Amino acid sequence: MGSNGPSITPLFDSFKMERVRTILTHKYPYPHEHSRHAMTAVIVGCLFFISSDNLHTLIQKLDSNIKWWSMYGCLIGFLYFFSSPFIGKTIKPSYSNFSRWYVAWIFIAALYHLPSFQSMGVDMRMNLSLFLTIYISSVIFLLVFHILFLGLWYIGLVARVAGKRPEILTILQNCAVISVACCVFYSHCGNRALVREKSFERRSSGWFSFSVLKEDISPWISKILRMHEFKDQICSSWFAPVGSASDYPLLSKWVIYGELVCSGSCSGPSDEISPLYSLWATFIGLYIANYVVERSSGWALTHPSSISENEKLKKQMKPDFLDMVPWYSGTSADLFKTVFDLLVSVTLFVGRFDMRMMQAAMSNLENETNEGDLLYDQFSEREDFWFDFIADTGDGGNSSYTVAKLLAQPLIKARNNGSTHSLPRGQLLLIGGDLAYPNPSAFTYERRLFCPFESALQPPSWYRPEQITIDKPELPDGVADLKSYDGPQCFIIPGNHDWFDGLNTFIRYVCHKSWLGGWILPQKKSYFALQLPGGWWIFGLDQALHEDIDVYQFKFFADLSKNRVGENDSVIIMTHEPSWLLDWYWNENTGKNVAHLIRDYLKGRCKLRMAGDLHHYMRHSVAPTDDSAHVQHLLVNGCGGAFLHPTHVFKNFSKFYGTTYDCKATYPSYDDSSRIALGNILKFRKKNWQFDIIGGIIYFILVFSMFPQCKLDHILKVDSLSGRLSSFFSTMWAAFMYMLEHSYVSLTGYLALTIVSFTFVPSKMAVKRRAIIGVLHVSAHMAAALVLMLLMELGIEMCIRHRLVATSGYHTLYEWYRSMESEHFPDPTELRARIERWTFGLYPACIKYIMSSFDIPEVMAVTRSTICEKGFLSLSRGSAIIYYASVFLYFWVFSTPVVSLIFGSYLYICINWFGIHFDEAFSSLRIANYKAFTRFHITPEGDLEVYTLAVDKVPKEWELDHQWDAEPKVPLQMSYLREFPSQWRAASSTDPLSTVRVVDHFVIRRTAQSQRMGTSQAGS
């Protein structure tokens, strides 16, 4: 489509049509946006005509239909809450489009059966039947056209881009626009072939009488009520009949004729072509002409397909970051794969086959405490050394890039209580595991980890992502070894998510690749030791899935502690999981080998333990009254990019290894964390709309055996509200008892849900409390499902009692339409009969069954009446499937907002009242904000200064950083030497570089000769 770009672009430029190009070039690919705009225009026009023609009827009859308007309110309310997560979204995700069409279908199908719309003078039956007929005809016509056009391309009669297949969604969307436009025209102009005498006087008299009755009406309402004059002018002038069939002899047998409108008797049949048919043919002709020109010449009538190279670059000016992982998705293949990988890993790798043992077996050195694959000392002689720590990155692209961008800056100026700290980039980056969510794979590592980091700090120009590095490190030309390399380096330990595939992806992308963006990756194994200046050491431990180190790893670090770590040296132990918090929370005792290493080998030299896994920041330090600590500071920082975890759940932690600790800093604060949990009630479904699949099916199974409820007369006959409520709830209880005594499907679903609810409650609680919470949880869902089932049945019962839905057969709408079609769409040439013969009866049969499928309420009413009169055994298997399918289509829409509300409320109550479900309650919110990393500084005196820098709000939109783009790019220059190393900046909010602040600051003093345990605190 872009092959003719150079010839068309100067044409735009010469006529200064940049504004035209801007209008015609849309954010979303053609023709989706054109169809959406056309649909919006058609609907607005329809509402305009309806309001102008029937506003007085609506005002007069509104207060006489309270019962039906209340039903309208319930119907619209449920449909709104079902669609609310997708308001404002257009093409992505695809479920958003599906939800719109799905809601429109079932809403309109229910709408035309309710009487209030008919009281406004709008006959929905004609609109619906006409829409379906025109829609099916348009789809078939355009499909035949596309097949013929592809055939012409295949034999070589048309060329260029004609061979590209059209999208079926495009065809369906355009056909819907054409059909709605034709229906709107027919509703207000009819199918009049010849207007011999205007009927305006008759209609205006009615309006005049209404205006006389409402003399005190305001002037602006009077203007609205006279809008019908403008409408009549449109029908009679703008859409006048195009001529008679005698003017087009060749088309006389292939057109639809208009209906004669005359004051007296009309002599002879109509010879005028239907204006509705001419309007449809015009739309179809425009679509075909546009498509032919676009595919034959590479340029569309309504959209310039060829664009300049500059515009191509502008399309790339936004990063393609992935969204946060939808942990409650019922359709995510990644999550099912994660569960499978976890089961396999726990069964196979824990205690049976351990990749860490294989790494030890493959080592070439007998004494690894000297040099080699595990011990790195390239930093030991550096002065004024800075290094960074993050964990749990690789979830949402926006949050991961925010942290990576801060890490990549040559200098950060961070605010801290009115003062500003200037902090240079770390020469070393430590990542504490969980590199990509939800499972380790080539896709998740590349898109969720490498993509944000490469955008923040680009890898060398010679780097190839697909290459596997055999001989590490892969240094730039002219650099002899790692000690001579002055760029940033990165060391990583795996987390539990990295172990789900047995560490396979981690080894490939970390141990056998040389660069993570602009950070070089020297490490060759999943655990390591780093010797830093000032007598500081870092032990990076790999705890796998059982929260402890293996025997070979223990031997390496134990030998290192005895032979290389000095008596006055200080050690930082980095693990993925903060066992001090998790063991307290779960009342467990894990990491025995790690504890043995710290207490019996390091013997007080471990100054700091830091970990991730929990996606927040917390720091605990030894209480001043306790001088027997094996570890002086406990630091958790898992804010590297994953969803936020609460802090208030862990506020009572105070003991570890028998030592008392005080909480010195949390991010977010306890109060903020507790308030954030409220989002489960308000935003659970908006954040987790994929949960619809699971929630809707569960609710339907719970009430499956209770459809239909045939005896509901007693509820409708009671006059008082209290009596109706009492009757309603007694019917609810009777339905529940029926399920317990006679049901199979619903009872099985109820028992299964009860068991799942019990096991879902964390095992840290007593069995009795777990049972109570589980039963209350499932009871709330069961009660809600019963209420929704009875409301739906009452609605159907009311429509049947008032004869708003037919109960005699499935094809009422089609039979009515055929009678109206023969009256208002004359066919003197018997075109419809010929089409029926040529299609072997498919033409009317197709429309007939599509109308029946569309009219879901009638299908429910007919089958329901049969069941209530003759019993379930009178139904065939196919009829039973059709009935339950039609019930599910409505019940699913009603139930999905309710199940999300109840489940979200359950999570909120559990996290804030009982302190459980901290992972489940916050993974549901998918919060990208509150991101942080920790920057360390080894001063010339040997003290360790610790800063934790945080960003409260993560940008959602990014644009090209013009400073990065304008900076000269020297060939073969390393990206860490650039003044502006990051490609993107915040587009619609403040950039993280301007909002970053210090949330914690403290200093760990160097161990003195005379006092090994001396530490001090500074600032907080």
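Sequential numbering from 1, following the chain as shown.
Cβ coordinates come from backbone N, Cα and C, glycine included.
The following features are taken from TrEMBL:
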type     : residues : note
DOMAIN   : 387-590  : domain 'Calcineurin-like phosphoesterase'
TRANSMEM : 38-56    : transmembrane segment
TRANSMEM : 68-87    : transmembrane segment
TRANSMEM : 99-117   : transmembrane segment
TRANSMEM : 129-156  : transmembrane segment
TRANSMEM : 691-709  : transmembrane segment
TRANSMEM : 721-740  : transmembrane segment
TRANSMEM : 747-765  : transmembrane segment
TRANSMEM : 771-791  : transmembrane segment
TRANSMEM : 881-909  : transmembrane segment
Contacting positions for the transmembrane segment (771-791) when only residues 6+ beyond its ends and CB under 8 Å are counted: 74, 698-699, 702-703, 706-707, 709, 712, 728, 731-732, 735-736, 750, 753-754, 757-761, 765, 891, 894-895, 898-899, 902-903, 906, 910, 914
So if I exclude everything within five residues of the ends of the transmembrane segment (129-156), which remaining residues of that chain have a CB under 8 angstroms from its CBs? That is, six or more out. 162-163, 165-166, 171-172, 174-176, 178-180, 182-183, 186, 280, 284, 287-288, 291-292, 295, 813-814, 816-817, 820, 846-847, 850-851, 854
Considering only Cβ pairs within less than 8 angstroms, which of the stretches 99-117, 691-709, 721-740, 747-765 has the most against the transmembrane segment (881-909)? 691-709
For the transmembrane segment (747-765) and the transmembrane segment (691-709), decide whether they are in contact, meaning at least 3 CB pairs lie under 8 A, counting pairs 6 or more apart in sequence. yes
